Amino acid sequence: MACPWKFLFRVKSYQGDLKEEKDINNNVEKTPGAIPSPTTQDDPKSHKHQNGFPQFLTGTAQNVPESLDKLHVTPSTRPQHVRIKNWGNGEIFHDTLHHKATSDISCKSKLCMGSIMNSKSLTRGPRDKPTPVEELLPQAIEFINQYYGSFKEAKIEEHLARLEAVTKEIETTGTYQLTLDELIFATKMAWRNAPRCIGRIQWSNLQVFDARSCSTASEMFQHICRHILYATNSGNIRSAITVFPQRSDGKHDFRIWNSQLIRYAGYQMPDGTIRGDPATLEFTQLCIDLGWKPRYGRFDVLPLVLQAHGQDPEVFEIPPDLVLEVTMEHPKYEWFQELGLKWYALPAVANMLLEVGGLEFPACPFNGWYMGTEIGVRDFCDTQRYNILEEVGRRMGLETHTLASLWKDRAVTEINAAVLHSFQKQNVTIMDHHTASESFMKHMQNEYRARGGCPADWIWLVPPVSGSITPVFHQEMLNYVLSPFYYYQIEPWKTHIWQDEKLRPRRREIRFTVLVKAVFFASVLMRKVMASRVRATVLFATETGKSEALARDLAALFSYAFNTKVVCMEQYKANTLEEEQLLLVVTSTFGNGDCPSNGQTLKKSLFMMKELGHTFRYAVFGLGSSMYPQFCAFAHDIDQKLSHLGASQLAPTGEGDELSGQEDAFRSWAVQTFRAACETFDVRSKHCIQIPKRYTSNATWEPEQYKLTQSPESLDLNKALSSIHAKNVFTMRLKSLQNLQSEKSSRTTLLVQLTFEGSRGPSYLPGEHLGIFPGNQTALVQGILERVVDCSSPDQTVCLEVLDESGSYWVKDKRLPPCSLRQALTYFLDITTPPTQLQLHKLARFATEETHRQRLEALCQPSEYNDWKFSNNPTFLEVLEEFPSLRVPAAFLLSQLPILKPRYYSISSSQDHTPSEVHLTVAVVTYRTRDGQGPLHHGVCSTWINNLKPEDPVPCFVRSVSGFQLPEDPSQPCILIGPGTGIAPFRSFWQQRLHDSQHRGLKGGRMTLVFGCRHPEEDHLYQEEMQEMVRKGVLFQVHTGYSRLPGKPKVYVQDILQKELADEVFSVLHGEQGHLYVCGDVRMARDVATTLKKLVAAKLNLSEEQVEDYFFQLKSQKRYHEDIFGAVFSYGAKKGNTLEEPKGTRL
């Protein structure tokens, strides 16, 4: 056969100079005082006599191209390029190398398969005959051209001679053999071409071991041991590859059946659990079937399963002294070592195939070194692997029950930090994912400069954590296949033809037809079971997503006995109520007793229904805040409407108070409702249904599961509050307090002036809120401390520890940072909100008198509890006083009392007008329970503020309120409605308008203020300031309603709207597209809304439904704004009592 010269100059490459890369691969032998040479490599033959391994050829040949990365055949014409952009820095690459791609990837014109793990285009299967000569020859010549094209200086004669020799060898034998130099070149170029490898910057520093003369499995084992010894290098990892004989006819392959040279076993235990690495279950069982003796540990190194010359595989145990393992520990958490984790130091891929010049090498194990996330994120945290994430999260004290706490992110970061720390401490080579990403970006720049492209698989190269923080995230990439290349292979045990049937592993596979029949039969049975079950529909309406989460939780519980489905109210048709058997509703209450926006449509349809043709059972759970008088109003409205329609209530309507034990209340109600449903519908085997532990684990409090330990460290107050509430807490100082009410008034409303520490604090806008973290009253705290049974040192810093679910170790409870019991009761825990029913149930165990215990148990019933709660509104101290036999431990208080929440106040100043200050308008709250006959109670925050002295610190943070700000267009007219302390945000409005007028020359539109109070000589807040704003033209008009003028009828803000401002309101809202703002308590807001709707309905002749839609549109357009607060009490003092609770006051 003549040499096909037409192939000679097919390969074209591109010029480019590359800077010499630092050898961090440890392949270079470093003599002290000598300058390392980049071409010097460690010769493994030097280990021959020490280890007794056979001699074999290594990559130290002298005829390797001087610079593999300088391919410099200049093209005569510039190929068409693809533009690649880095969206992080704007850098542009032009890829021309993709024209040399040798095969199509899996993606199609209408289908992207980039995220498929092992696509067909990247996988080579077995062969049953040699590669045809007509296929082999062009590929061989293509590779020879590529090899000789990589030299700095052309070697024409040698190039032509080699082409001639290869051609004749193929013609004579049907195949050809690579020289050592060509093999070294091929292995390195295959690494260079690997699109899924992030560490390719080291591609030229690969040590090549030539084991092509190997003939038996025993020899393979010795070569692999040599590889492991060299590459491990006592922890100073060196990248290496061992190449075994090439494929001939496909029937005499050399294969390594392991996916990695070193990997841990995974065992399926009798109880169904998995011990070890779940990813290796199948291969571990294969090893056992082949005669390996399992040890059933978590980290057992699997044996090598080696196939030589197509023979049946043989099993070889790796000598333990060859396997370097790293024990995991954390730089901060001592308990991390208790997890008993470790990992092997050498990541050596063993099951890939090297393709080069038409030749295939199905056994070519190679290694680099680890990137930390491969172990810390994938091996340890993947759910299908060791899956330690939640255990670490619990030990860290994170809120693993809620995704919004970001516990997964925090835990995986610490696990990754532990891996890096452990490897570095034991001097084992590892690279963090940020450094790896940076190195790849450098490699990519080099490649585009050197050869006009760099194949890269973005999905694989972006690390599994940090995302856009790494530079590779922002880099566009092209993915294509070049030759030489490393391909995936089909697992050998799936295609191997066994010669000794005795060695064949026991077949466990189920035939496909049998499997299909089994699945079909099971699905039929399940359909029958589900069809026979009672249908349960779970409806939800939500603004924040909380109700939906609880609805799905409820459906999961009911799915143990019912055929459940979850539906949002906006997707539910009211006429389908006729088909229901069991209806469960979970909904929040929004605004002034309204339903959430996604429940509006169903509410209208439901409340227009007159009767049901078919009745059903139902139960309702409402979420809300007891600060508002319309607490869970929408849930109760649904309950009443369904009852009136004839449906039967399955369980009393549940209430979840966001201020007190909402989750506990839901779990208790869910279990109660589930059991009632099982009884009502006579569910088969209802007594055998095991309710999930998470619904019942909080029902009791076991002292032996908690303990207090002394802690030498404690956080300062701001850091502690930031940790507890996940807020950016800063300190302000009290400048002054001024009582805005006159001496004639028995009440107190404060103008609170706070100053920033430092030159300037966080920015804020008019209408936004300041959240303040108050302290509980000293008398309440001391009273509780005196009744705690194990509190000898209330000022000693302690840490609460909780016994893990397994009962094997203690973990720190991160709900509270280390603190003293006094500090916790003062600043961190809510001791004024009445205990929940569940808390009373837990308290009952500490009562030493039986009558007290029985009474506490009785209060766990909803009717008893509600009467007791709303009559007494007891603080925790009053509960201890009512039941004096209670002996409560400190751990109970730290673990069970609710967190003291911040109090929000509308900011009453403009930052432009008073740059270094924040002003608040605060009503000081005092009231008596039991119709004025009970003990005197004080608002937590208002009382705390009233007792502050100048320069006292105030921990706080700014909360943005995007829906309650001045119009973007200052020319739009506004109506501001705010009686009492509802005036607070409007003071910031007029200060901002004053500043804009004086310093920016901006003239605002009409701003009409409607204010309300009792008497002009008692509580007309900011009266003189309002008058000044009118004189300066900032306020257009001020209208005031007085409700306590002697001899005159009570006038409220809604009366002014109806009698004096009807035309102005209609003009602003309808004619001029202006804005209306309402700030105050919910009752006032409801009355104002009712008045406005009547006014607009009369002006436009609208029906009730039409006017509701009109105001819904106003809110959607963000022209009707409400800032509503609650804390209006049904247990207020009798009329005339000087301690009567002011409406709408924040506590």
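Positions of Cβ are set from backbone N, Cα and C atoms, glycine also.
Binding of NADP(+) is annotated in Swiss-Prot for T926, T981, R1014, S1043, R1044, K1050, Y1052, Q1054, D1087; the matching candidate from R684, R733, R747 at the same site is R747.
Checking the candidates Y264, Y480, Y572, Y904 against Swiss-Prot, the annotation phosphotyrosine falls on Y572. Within H769, H1070, H1075, the residue that Swiss-Prot lists together with R903, Y905, S906, T921, A923, Y927, V940, C941, S942 for binding FAD is H769. Note on T187, T564, T673, T826: Swiss-Prot annotates phosphothreonine at T564; no matching annotation appears for the rest, which is not proof of its absence. Feature motif 'DINNN-motif', per Swiss-Prot, maps to range 23-27 of the set 23-27, 383-387, 503-507, 948-952.
Least packed by the Cβ count within 10 Å, out of the binding-site residues S547, Q662, is Q662.
Taking the Cα atom of each, Q662 (FMN binding site) and W460 ((6R)-L-erythro-5,6,7,8-tetrahydrobiopterin binding site) are about 43 angstrom apart. In the domain 'Flavodoxin-like' (536-674), helix, strand and coil residues by DSSP number 59 helix, 36 strand, 44 coil.
It is 39 Å from the Cα atom of I459 ((6R)-L-erythro-5,6,7,8-tetrahydrobiopterin binding site) to that of Y572 (phosphotyrosine). In sequence order, R535, A536, T537, V538, A555, F558 are the residues of the chain that are 6 or more apart from T564 (phosphothreonine) and have a CB within less than 8 Å of its CB. Put simply, of the recorded positions S115, R378, W460, F473, Y572, the one whose Cα is nearest the Cα of T542 (FMN binding site) is Y572. For the domain 'Flavodoxin-like' (536-674), the model's average pLDDT works out to 87. Sequence-distant neighbours of F473 ((6R)-L-erythro-5,6,7,8-tetrahydrobiopterin binding site) (same chain, 6+ apart, CB under 8 A from its CB) are G88, V462, G467. Taking every pair among S115, R378, I459, W460, F473, the residues listed as contacting (6R)-L-erythro-5,6,7,8-tetrahydrobiopterin, the largest Cα to Cα separation comes to 18 Å. Ranking the binding-site residues R378, T542, C632 by how many Cβ atoms sit within 10 Å of each one's Cβ puts C632 at the top. Cβ crowding, taken as the number of other Cβ atoms within 10 Å, peaks at T589 among the binding-site residues S115, T589. Neighbour counts of Cβ atoms within 10 Å were compared for the recorded positions W460, Y572, and the top value is held by Y572.
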